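Student: Okay, here's the structure, questions in a sec.
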Amino acid sequence: MASLRRGFGSDQTTASDTKMHYRQLAPTASVRVSPLCLGAMNFGEAHKARYGECSKETAFSIMDYFYSQGGNFIDTANGYQAGESEQWVGEWMKSRDNRDEIVLATKYSTGYMNHEKDKIQINYGGNSAKSMKVSVAASLKKLQTNYIDILYIHWWDYSTSIPELMHSLNDLVVSGQVLYLGVSDTPAWVVSKANQYARDHGLRQFVIYQGMWNAAMRDFERDIIPMCRDEGMGLAPYGTLGQGSFQTEEGRKQREKDNPGRKFGAKSLPYVEVSKVLEKLANAKGKAITDVALAYVLQKTPYVFPIVGGRKLEHIQGNVAALQVALSEAEVEEIEAAYPFDAGFPHTFLSGTLFDGAKPTAAQGPGDVFLTKWQGDIDWVEAPKAIRPSGQ
């Protein structure tokens, strides 16, 4: 057996040799990715007034560290930093000669030529076939590659038909320019309709959804997560750290005083209240508050790959450490008790909490439907659970 293992290359690097173990992207996508996805929105200087400053040297050091820890999943978009983000990621992959090791995601839909004011802008954005064609061609050039692992539509424009969208995306897959399809910032009903159209016509389906989700902004849980579970899709949430709004009490006071970095993001009461619970749990575990915030989304449901990004190397170093933070069910419940999340109708109708004055909760499966319970006691198969931190 030992000789057989040697014959199959047992001296090759295994998952245990790296800091991060890999996971399958989705039930419908067998590509293997690191549990964290490195977001490259901050890589560039064109929009530093909005996002804060990040030099090319710093961006390369962040990507080098992420790669050294086993990170192979990188997310960018056609319009980030007026195209500099894609350019820098492409230059980094070229200089490190590691393109085929990286699972590279980019997006189209946002107008990416806005910085060239002399051009007619109208078809450089949106979901149309033309916008898709010119954007992908430009992205391939900037990224210095001949294929994109995951192409997202960046947001739904409410004007492109499902047939036009899915046939155009499928053409990119058939041509070899794109391997997998993703969708971002789009209503759940649109994604379900698009995937059903793709199934009915033998086309490639969306396999991953990207959207905003964190412990103080849980709308993702209302329809997006159930839809992805049913469609066999992965989840790539952004804003998992509250866009910097999850702060310790001391950090929050200091930030209000200095106001550095990005100039937007929620500062509402839910973030303050959730931060208090995150800080309490972090102190008890000897971890950073951001570690607990990341652990929350990682351990809520399977196939979750948080997009983590920052302008400083220490940001991503801290994010990798969060993979070893385990939360109990009681700790998750404590976080969720910090502010009332109402899943709304029909979810609270199905759970029965719409009528009984109890805390509003959503029915997550057949065992939660109160009218079914009236018919008798039923033992249901449990839904798949998230992967726990290694060693837990």
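Heads up, the Cβ atoms here are built off N, Cα and C, so glycines get one too.
Feature list, courtesy of Swiss-Prot:
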- Y80: active site, proton donor (ACT_SITE)
- D75, 184-185, Q210, 239-249, 311-319: NADP(+) binding site (BINDING)
- 249-261: compositional bias 'Basic and acidic residues' (COMPBIAS)
- 242-263: region 'Disordered' (REGION)
- K107: site 'Lowers pKa of active site Tyr' (SITE)
Student: In whole Å, how far is R311 (NADP(+) binding site) from the residue listed as 'active site, proton donor' when you measure between their Cα atoms?
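Tutor: That comes out at 14 Å between the alpha carbons.
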Student: Which one, from the binding-site residues Q210, Q247, Q317, has the smallest tally of other C-beta atoms lying within 10 Å of its C-beta?
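Tutor: Minimum Cβ neighbour count within 10 Å, taken over the binding-site residues Q210, Q247, Q317, occurs at Q317.
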Student: Mind checking which of K107, R311 has the fewest other CB atoms within 10 A of its CB? They're the recorded positions.
Tutor: R311
Student: Just counting, how many other CB atoms are there within 10 A of the CB of E314 (NADP(+) binding site)?
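Tutor: Looking across every protein chain shown, the total is 10.
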Student: Round to a whole number and give the Cα-to-Cα distance in Å for the pair Q317 (NADP(+) binding site) and K107 (site 'Lowers pKa of active site Tyr').
Tutor: 26
Student: I'd like the number of other C-beta atoms within 10 A of the C-beta of the residue listed as 'active site, proton donor', please.
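Tutor: Looking across every protein chain shown, the total is 27.
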Student: Could you state the CA-to-CA distance between K107 (site 'Lowers pKa of active site Tyr') and D75 (NADP(+) binding site) to the nearest Å?
Tutor: 9
Student: Note down the number of other Cβ atoms within 10 Å of the Cβ of L241 (NADP(+) binding site), including every protein chain shown.
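Tutor: Total other Cβ atoms inside 10 Å, all chains included: 26.
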Student: Using all protein chains shown, find which of the binding-site residues D75, G244 scores highest when you count other CB atoms within 10 A of its CB.
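Tutor: Counting Cβ neighbours within 10 Å, the top one is D75.
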Student: Three states by DSSP: which one describes L241 (NADP(+) binding site)?
Tutor: coil
